[in-house]
Ligand code: ATR
């Protein structure tokens with residue numbers, strides 16, 4: 001058994017399953033893929049629910065996603081997860097695409113069904129579930145600021161907030177053009193007359209805009225989707241003056257568990273949560289697509305905590 005498999009290993013079932021007790025039935029496709037926690041998350045669920053089979057990491061070069069999915073289908077896989085940088089390429093490889101994936105133009109889950117590749121995106125719906133579980137509120141009722149709205153994760157979360165019909169959406173990105181492009185795509189979701197507080201329902205700012213601090217005070221939920229915070233020495237992606245006690249602050253980063261942003265949020269008395277629940281719920285939703293009716297939440301949660309070395 002290997003930590004990471006390559007396309008060469010797909011040449012035959014016997015090669016793929018060499019040294020393993022169970023056949024590989026699910027995979028995460030990415031590049032690099034070695035750091036992905038999806039195997040720990042889903043293997044625990046496969047073992048607990050008795051559905052059996054192995055979940056493997058598969059290193060796939062750009063341009064090879066469609067061919068790889070065809071091969072997995074021939075090898076009778078149940079489905080796959082798609083991670084960076086293949087979420088866009090997987091869309092064009094699919095036979096059918098669900099609403100969330102189509103709107104995002106990105107796919108994170110594939111289900112093989114009767115010779116067809118069905119594509120989904122559970123990142124957005126996973127975010128909605130995570131916010132509900134962490135803060136007991138619904139995304140649709142909130143004024144939301146997405147910091148890092150030009151990146152893959154930021155776009156997925158912002159698009160989901162727009163689909164949910166959130167009260168207000170403020171997109172913040174260092175490269176402001178990327179957020180402006182996204183705003184253009186999402187603007188049809190905000191065409192109603194409903195205006196909440198000052199400011200428009202859909203706005204874009206760079207992180208150094210002087211308007212950012214006053215605007216942030218008319219926000220309920222701040223979400224960091226930038227990679228700023230992955231290193232313990234990183235600063236916060238937002239000026240501290242943006243944070244107020246009424247804020248809910250969600251950082252999609254889960255390792256380290258406490259970023260500078262989350263620390264500053266606690267200091268002002270805001271409620272905050274890290275991205276562990278997002279990782280968990282996008283995974284649970286993928287698992288439910290592959291195995292309808294299965295909901296191994298507790299098992300997956302424990303597996304994640306163990307994988308991250310959290311108590
Ligand atoms: P992707 O998710 O598409 O792979 P990424 O390079 O991981 O992209 O970056 C994710 C987000 O973090 C982007 O919004 C990026 O801002 P830009 O679009 O301006 O590149 C943001 N980001 C990364 N490093 C940053 C930094 N040092 N300061 C501010 N934002 C940063």
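One is the number of the first residue shown, and numbering goes on along the chain from there.
Just so it is clear, glycine is given a Cβ too, placed from its N, Cα and C backbone atoms.
On a predicted model such as this, the values are computed, not experimentally measured, just so you know.
Here TrEMBL flags 87 as active site, proton acceptor. Around the Cβ of residue 87 (active site, proton acceptor), the number of neighbouring Cβ atoms within 10 Å comes to 24.
The DSSP secondary structure for residue 83 (shikimate binding site) is coil. The feature shikimate binding site is assigned by TrEMBL to 36, 37, 38, 83, 108, 123, 254, 282.
Long-range neighbours of residue 174 (NADP(+) binding site) (same chain, six or more residues apart, CB within less than 8 Å of its CB): 150, 206, 207, 226. Here TrEMBL flags 173, 174, 175, 176, 177, 178, 252, 275 as NADP(+) binding site.
Mean model confidence of the domain 'Shikimate dehydrogenase substrate binding N-terminal' (28-110) amounts to 95 (pLDDT, 0 to 100 scale). The domain 'Shikimate dehydrogenase substrate binding N-terminal' annotation in TrEMBL covers 28-110.
Helix, strand and coil counts under DSSP for the domain 'Quinate/shikimate 5-dehydrogenase/glutamyl-tRNA reductase' (137-187) come to 28 helix, 10 strand, 13 coil. The domain 'Quinate/shikimate 5-dehydrogenase/glutamyl-tRNA reductase' annotation in TrEMBL covers 137-187.
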Candidates near ligand 1 among the binding-site residues 38, 123, 173, 177, 252, judged by a Cβ under 6 angstroms:
173
How far is it from residue 37 (shikimate binding site) to residue 275 (NADP(+) binding site), counting Cα to Cα, in Å?
13
Please count the residues of the domain 'Shikimate dehydrogenase substrate binding N-terminal' (28-110) that DSSP assigns to helix (H, G, I), strand (E, B) and coil.
33 helix, 17 strand, 33 coil
Residue 38 (shikimate binding site) and residue 173 (NADP(+) binding site), Cα-Cα, nearest whole angstrom
28
Could you round the CA separation between residue 176 (NADP(+) binding site) and residue 87 (active site, proton acceptor) to a whole angstrom and send it over?
22
Report, as a single number, how many Cβ atoms besides its own are within 10 Å of the Cβ of residue 123 (shikimate binding site).
29
